[in-house]
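Novice: First the structure, which I've put down as structure tokens, then a few questions once you've had a look.
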Amino acid sequence: MGRAPGGEIVSVDSALVYRGLDIGAAKPGADERARVRHHLIDLREPWQPYSAAEFAADARRALDEIVGRGSIPVLAGGTGLYFQALLEGLSPMPEADPATRAAIEAEAAVHGWPALHAELAAIDPEAAARIHATDPQRIQRALEVWRLSGRTISDWRRESTPRLPYRVLKLVLAPRDRAILHERIARRFDAMLADGFLDEVRALRALPQLQAHPAPRDLPAIRAVGYRQAWEFLDGQGSAADFRDRAIFATRQLAKRQLTWLRGQLDARWFDPQAGTAALEAALRLFVERPGRR
């Protein structure tokens, strides 16, 4: 779709925003980006934060620029929160505050994230029910919002920014046969290993900013599927075979969560890549040729 005349790809992938996450994130290479214009790739260093709100703002600017050139934006990726933030809007909650985040991280270093999750449960049971006790990024954000504003993150989420002012055609490409999906995941991971994925993670571990970080494995970039398991393996956790199995399993779980989220998009159209592209191409032509209709 992106290679079609006038098509430009807007990445909706929380791993592709980070520099240095290339092989493990299946980042488009220089040749691919030379053929097709890409947006929202390599925006941050792996130790820097990047929120869904920042993504939504960056993506809206990119869409405006693409449409202004008379081109067609193709939103491609699997980060559901990013899609939700862009298509449905986010609540105008407080921005990240480095001092508050540092204080929460210091508390977690002493008491552990499960203890902070228990604190969150007392403040905002609704959010605590959605957030796992081992999800430091979301626990930190929920507590940060409470401490900065005196309002729970659940309360803030009941407000939202305006929805995206463009027509959107939602397309899902996924094989109906789950075994085919699982086989592709395993084959892709083995190809990543052959391409030097572990060397890429070693290079990340050697970065002074990550070496100096008190908990690099808690950073969103390093928590990305594949990178987290590789980091643990290089820390000495398990054998190479264990690492491969854990990474493939984590990728399968991620795919399952993505498909579950996508099934909730009732206006999405599903296509099986195994069945060819004729139906997909027809849907695209209809959408482009009838600009006033969905």
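Placement of Cβ uses the backbone N, Cα and C atoms for every residue, glycine included.
Because TrEMBL annotations are produced automatically, they should be read as predictions rather than curated entries.
Pasting the relevant annotations from TrEMBL:
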- 13-16: region 'Interaction with substrate tRNA' (REGION)
- 137-141: region 'Interaction with substrate tRNA' (REGION)
- Thr79: site 'Interaction with substrate tRNA' (SITE)
- Arg101: site 'Interaction with substrate tRNA' (SITE)
Novice: Considering every residue in the region 'Interaction with substrate tRNA' (137-141), what is the mean pLDDT value?
Specialist: 93
Novice: Please give me the CB contact count at 10 A for Arg101 (site 'Interaction with substrate tRNA'), counting all chains in the structure.
Specialist: 16
Novice: Using DSSP, how many residues of the region 'Interaction with substrate tRNA' (13-16) fall into helix, strand and coil, respectively?
Specialist: 0 helix, 0 strand, 4 coil
Novice: Fill in the CA-CA distance, Arg101 (site 'Interaction with substrate tRNA') to Thr79 (site 'Interaction with substrate tRNA'), as an integer in Å.
Specialist: 23
Novice: How many other Cβ atoms sit within 10 Å of the Cβ of Thr79 (site 'Interaction with substrate tRNA')?
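Specialist: The answer is 19.
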Novice: Using DSSP, how many residues of the region 'Interaction with substrate tRNA' (137-141) fall into helix, strand and coil, respectively?
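Specialist: For that range the per-state counts are 5 helix, 0 strand, 0 coil.
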Novice: Can you see whether DSSP assigns Arg101 (site 'Interaction with substrate tRNA') to helix, strand or coil?
Specialist: helix
